[in-house]
């Protein structure tokens, strides 16, 4: 198991649930609050992957939404950082697809009324709905806590090559996000740089998102995430001051009260983007030795929205690896 | 022209502001004074969460529905103003929950995005089988009252910290018009058996993950006697107490337990919320708002009182419509006293 963003941790958790006799270890060079997941707002609004069949994306989103919905309504919700939030997605011109594939999974999805659109004079069409948000670090810390309770070990370790692990582990699960570019040489994986501002504006109770995906306001538990940018191919993790100004201006134009926001923090993350999410089994071979690997990376802008669904699928693939290994060892180490 | 406003809650301060805004340039001699024994943050308005929402049934009181609408529309128009944050004004969405289907409220077209709840949404609230979702406004008393006070002070309105014992007391000092915005204590100035306390108690907690208001309704127990959760900009208000005829402003342990248990059952995530404050207050309840003129004979002088009290649990919701109506009544008084030139128009 490698890396401890939302994909790594949730996949590890799914594996402990489906294979209780497995011994699971999480290896990472970064833990919360220094992962890409910590930068993300964690909103459950799916990104559409061009090359993944829609029914599969819908299944992933549905599983994720259902899982988090149950937690949001329990006593653990505040610790897990999961909460419901309502708001609007607004468009400057009516989109081709007025009903996205996920409209029946979020709550109360409907077109905005004329009166509601008055609040957005530059926009002509909008959708109102209620969805979930996973605040980080709380959600990652909660996942880590759940993992530790199952006996899963967490190690800070930088792995340069999957083969380093073949003596210690029977199966490797690769959730390295952007790191897969180097680790497994996946040239289909590319960064999409995102800069966000996290501000103090506790009177903002709704999310507002421009349908172009570039400008958004996502209220979390303590801070509101203002975004953003989508810079394909940029690897820079340094905040850019001009971009900060631009994001702030765009968000204030959607929600003027943000002019009074305080304590602006700037963060940058690289979305690990791919035409389709790689959830796939592979058996590596070297000099007669085999190493089963399950990949779960390339979630780009939609990691939180589908994380549990892809984690479930990856856990099923791990199950298949175990079955294939059965006979040679009775307890698989991951 | 000396005008005295009795009461410094949302009704008194907003009426004063409305009158000053409309008449100070037309009546150069206008002197406005506010008299109260309690100022923010010790008024009834300061205890209110500040959610704009009328009662679910208007009992056919169309006038009040119009005043509610005037208030909503006015503040909706100010949402994007630079003063919004200072006023404590922002949009908020949420849920009204019922155990059986009910007719739509009179205010369904005043709020934004009013709709019924879907079955999946109702799964969040076991025990409730019907409900509404809508977007409304918050106007937090703890911010709005200081904001009103600042505006009035800037305009030269004077404040006096004293309990007025009678209208007479003010008239004998030379006040020409009294605005009676004394809320719960109006009965001390002039007996009014229709005015009764609707005692409420609230618990303020820190629960910043709650982004929606949730108001439950129990037809049997009556308005506000069923749990509600209202998130503000700093604290979340938990409530659900309405005791008609109870004058106690002391916090009750029994009510505390009832609010806490019921709200945690409604929203299990609240179990982890930290309690920061508790408060009790008296809603100035009346079958309808008393908003009318009364002429009082004092010797050979005619003194004018404009009553504006009895707003129950919907003071913030209705206040601006009432302030405008009070200002209109004041305008009538001015015209009668010939203090106001006849408005421009055809001369007959």
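Each Cβ is built from the backbone N, Cα and C atoms, and glycine gets one as well.
Note that this is a predicted model, so its numbers are computed, not measured.
Residues or ranges marked as domain 'FAD dependent oxidoreductase' in TrEMBL: B:2-329.
In the three-state DSSP scheme, residue B:37 (FAD binding site) is classed as coil. Residues annotated as FAD binding site in TrEMBL: B:37, B:38, B:44, B:45, B:49, B:50, B:51, B:164, B:312, B:313, B:314, B:315, B:316, B:317.
The DSSP secondary structure for residue B:217 (D-dopa binding site) is coil. The Cβ of residue B:217 (D-dopa binding site) lies under 8 Å from the Cβ of B:56, B:96, B:97, B:98, B:99, B:102, B:223, B:226, each of which sits 6+ residues away along the same chain. Under the heading D-dopa binding site, TrEMBL lists B:53, B:217.
Annotation for residue B:313 (D-serine binding site): same-chain Cβ neighbours under 8 Å, separated by at least 6 residues, are B:48, B:55, B:198, B:200, B:223, B:224, B:242, B:283, B:285. The D-serine binding site annotation in TrEMBL covers B:228, B:283, B:313.
Residue B:53 (D-dopa binding site): 25 other CB atoms within 10 A of its CB, across all protein chains. Other residues of the same chain near the D-serine site, with their Cβ within 8 Å of the Cβ centroid of B:228, B:283, B:313, are B:48, B:198, B:200, B:223, B:224, B:239, B:242, B:312, B:314. Considering other CB atoms within 10 Å as the measure, the emptiest surroundings among the binding-site residues B:228, B:314 are those of B:314.
Of all the binding-site residues in the record (B:228, B:312, B:316), the one with the smallest CA separation from residue B:53 (D-dopa binding site) is B:316. There are 27 other Cβ atoms within 10 Å of the Cβ belonging to residue B:316 (FAD binding site). Residue B:228 (D-serine binding site) and residue B:314 (FAD binding site) have their C-alpha atoms 15 Å apart, to the nearest angstrom.
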